[in-house]
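Engineer: What TrEMBL records for B:37-273 is domain 'ABC transmembrane type-2'. According to TrEMBL, the transmembrane segment annotation covers B:39-57, B:77-101, B:121-142, B:154-178, B:190-212, B:248-267.
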Amino acid sequence: MIHAEGLRKRYGEVDALKGVDLDVPQGTVCGLLGPNGAGKTTVVRVLTTLLRPDGGTARVAGCDVVADADRLRHRIGLAGQHAAVDELLTGRRNLVLFGRLYHLPRRTARRRADELLERFGLAEAASRPVKTYSGGMRRRLDLAASLIVAPPVLFLDEPTTGLDPRSRLALWDLLRELVSDGTTVLLTTQYLDEADHLADQIVVVDSGRVAASGSPSALKSKVGDGRVSISFRAAGDLSTGIEVVRGVLPGEPEVDRAERRLTVPVEDGAASLIKVAAALDAAGIGVDDLGLRRPTLDEVFLQLTEASEVTAA
Amino acid sequence: MTMLEPPATRAGRLGWAVIDSLTIAGRTYSRLRAQPGELAGFLVFPIIMTVLFGYVFGSAITLPGGGDYRSYLMPGIFMQVAALTAVSAATSVSEDMALGLIDRFRAQPIARSAVLAGRSVADLSIHLLSVAMMALCGVLIAGWRPHGSPLETLAGFGLLALFAYAMIWIGTYIGLFVKNGAQADAATFGWLFPLTFLANAFVPLEGLPSWLRPIADWNPMSAVVSAARLMFGNPGSAAASWPLRHPVTATICWSVLILTVFVPLAVRRYRTATSR
């Protein structure tokens, strides 16, 4: 549904995109992850016809983003980093305006606006100017505006930045509903848990290149099976504990003396945990907390982006 | 929902462009209805200028050729308000940019020129409303009268409107570059407001130092004021330069020149502009 090959874009002296490939099948969610300035927004802008790429090709919903831009604009929805709605107008007037700009007949535009207001829980606020809306309501209105023509492909640039946790969860539910109806979604986010929860496929972008891609679990397994983490009761426990752990586990322990904590990367999670527990118990060492931590996407992300920084230097 | 296809013919595309422009213009009117204070501001500023200049400065200024200063002043204020349409055009375009609305419009299948064209027409119509209010105030407060024939009077207002429309496009172009409304204001009002005084709008040019005189003579705003005075039959001062001897031709030339330069520039900028 979204297919890009070797996308390149230059802003003056800066190479914003240095050859980005993407492939997003229909009805799936692709999460574009990356630090600020990595090129996430530029990718979205190219795919939504806002920016012309300097090199490479991209097709979205069967339309070339350059040659077929007008046809494509009927097939995509875009919700950007800001809630791009008119503050002075009411929620309904905003949706009718955008509907009219999709060339819907007046009556259809009104009907569609009411449907969307209802669906996004904005029916009661429909006649109020948007400036009286909360942040969550604005984002929902913005998302509603991007869904007016029920586009098969939806682009969301940091859809939940600045939202409180409840509004974020509500937005996630709406997105899942859309995807189950067959919509293809490309979203950029700085929140790794968001990508983890929503995305079928994650593409990590760093300095204009794809640093890694795959399912969330595939990416996590790249950084190992997990870590055993031990918090010791006293400083003395930590010192002897390090030796005990070295005796039973092959991995090199990482020590945080201030927190009296030690973490060791392990291959076979549960078995290692049992081994360590038994050894510490036998040595009579005071332990406050002991557990197995699966790698988080944050760790994957940090490792991947650090690695590319090293190769770039 | 059925997928709409863009029209295949030139006429069909033109039809969409017109409809889109009207939709965008409708948005400007809706905004104004939601914000009546804004409209009041448009109307009050000219009244303040009329009273301020007409009665405060007017008591000290005498025209070289004789004549009533307040009648001399009114075309000047009409021109000043026409020139300052650039400020509100720049401010509102830049606010749409900052909000990401321009991005949304550009990701929608809207005719490329429609967003700017629709706004410019709406801005002009609002400007005409404020001109009508000013004319009424001029007649009631300042004792201003157009002495020409109805057709000449209409032509006078037509020339002012043409100039205002050109200024709206300058403002639109600037608004697509700046980051927010405050910058837009500084990038337009900052030079426009002083420039309206470097013209024959408020004082006769005879008294200017010789190095400043050519600037004021060739300032397009002077030509506009002279053209309006000519059409309204209001007192003016002696014309030394070509544009002031042929103010109607000069006004049309200046306005058309501005439009030919800034309309394509603004539309091109719009096509590539993004919110950052």
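Note that Cβ sites are derived from N, Cα and C of the backbone, with glycine treated the same way.
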Engineer: Hey, would you say the transmembrane segment (B:154-178) packs against the transmembrane segment (B:39-57), going by three or more CB pairs under 8 A that are 6+ residues apart?
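Structural biologist: No, the transmembrane segment (B:154-178) and the transmembrane segment (B:39-57) are not in contact.
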Engineer: Using a Cβ-Cβ cut-off of under 8 Å, list the residues of the same chain that are 6+ residues beyond the ends of the transmembrane segment (B:39-57) and lie near it.
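Structural biologist: Contacts of the transmembrane segment (B:39-57) (Cβ under 8 Å, skipping residues fewer than 6 from its ends): 32, 69-70, 73-74, 76-77, 80-81, 88, 126-127, 129-130, 133-134, 137-138, 141-142, 202.
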Engineer: Counting only pairs at least 6 apart in sequence, do the transmembrane segment (B:77-101) and the transmembrane segment (B:190-212) share 3+ Cβ pairs under 8 Å?
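Structural biologist: Contact criterion met.
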Engineer: Same chain only, please: residues at least 6 beyond the ends of the transmembrane segment (B:121-142) with a C-beta under 8 Å from a C-beta of the stretch. Say none if there are none.
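Structural biologist: Result: 21, 24-29, 32, 39, 42-43, 46-47, 50-51, 54, 70-71, 73-74, 77-78, 81-82, 85, 88-89, 92, 157, 160-161, 164-165, 168.
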Engineer: Restricting to the same chain and to residues at least six past its boundaries, which positions have a Cβ under 8 Å from a Cβ of the transmembrane segment (B:248-267)?
Structural biologist: 112-113, 116, 155, 159, 162-163, 165-167, 169-170, 172-173, 176, 220, 223-224, 226-227, 230-231, 242
